[in-house]
C-alpha cells in the first residue's frame, strides 16, 4: 500500500509482475528464429525484449537487439516471423511459466477485502486468457484489458482508464502494479499511483530509476504488517 491507504481498485501487469513467462516466450522466439534460419536468442535476451507486445518482441528478435531498425531485412521477414512466433507460442504458452512468490497472497488479500482487481497487459488477449486460465488466476480478475483490447496499449493511459471505467473507480483511487517504465508512464498519464516490482523485466534497466511511487522486492510487502 502507498501512504497506508487501501486502493479502490488494483490493476496488475501480467508478464514480469504476476507471472514469469519468459521461459515460454523464449522457446517461441527461438523456434521462430530457427524457422527462418537464424540462431536462437535465448532467455537472457528475450527477458530484455519483452514488455511492448508480441509484435515488438518479434521485431526485436529479428533485429537481434532492442533497437528494431538495426536489421534492414526485419521488415520483409516480419509477417512470416510473426506467424511462426504466434504458432509456437500458442503451443508453449503456460508450459514453463510460473507465478512469482507472494502474488497469490496479495491477490487473496485484496479479494477477501472486496477490492476489485484487473489485469492490464500488452500481451495479446488470447494468450492472456489462456495463461490466466492455466495458472488458475482468472478468478481474481473480472476485468482484463489486453494488448489488442483497445486501439492503444501501455504506455498510453487508455488501457488503465478503461479498466477504471469498467469497475467504476476514479483513476486517482486506483493502483497500478507493474514491472517496467511502460507501466509507470501509463499510470502517470492516467493519474494513478504506481508500484513496481524489482524482479521483473524492464528491458534490463534498473526499475528504481523509472519513477514509481514505490519499488518492492515481493508483492508480500504490500500486505498489511499483521498478514505478511
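FYI, residue positions are counted from 1 along the chain as it appears here.
Yeah, the Cβs are placed from backbone N, Cα and C, and that goes for glycine too.
Source: prediction; values computed, not measured.
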In TrEMBL, the residues 13, 15 are said to bind Mg(2+). Which of 179, 209, 213 is said to bind at that same site?
179
Quick check: which same-chain residues outside 13, 15, 179 lie with their CB within 8 A of the centre of the Mg(2+) site CB atoms?
14, 16, 17, 18, 51, 121, 178, 180, 183, 197, 200, 201
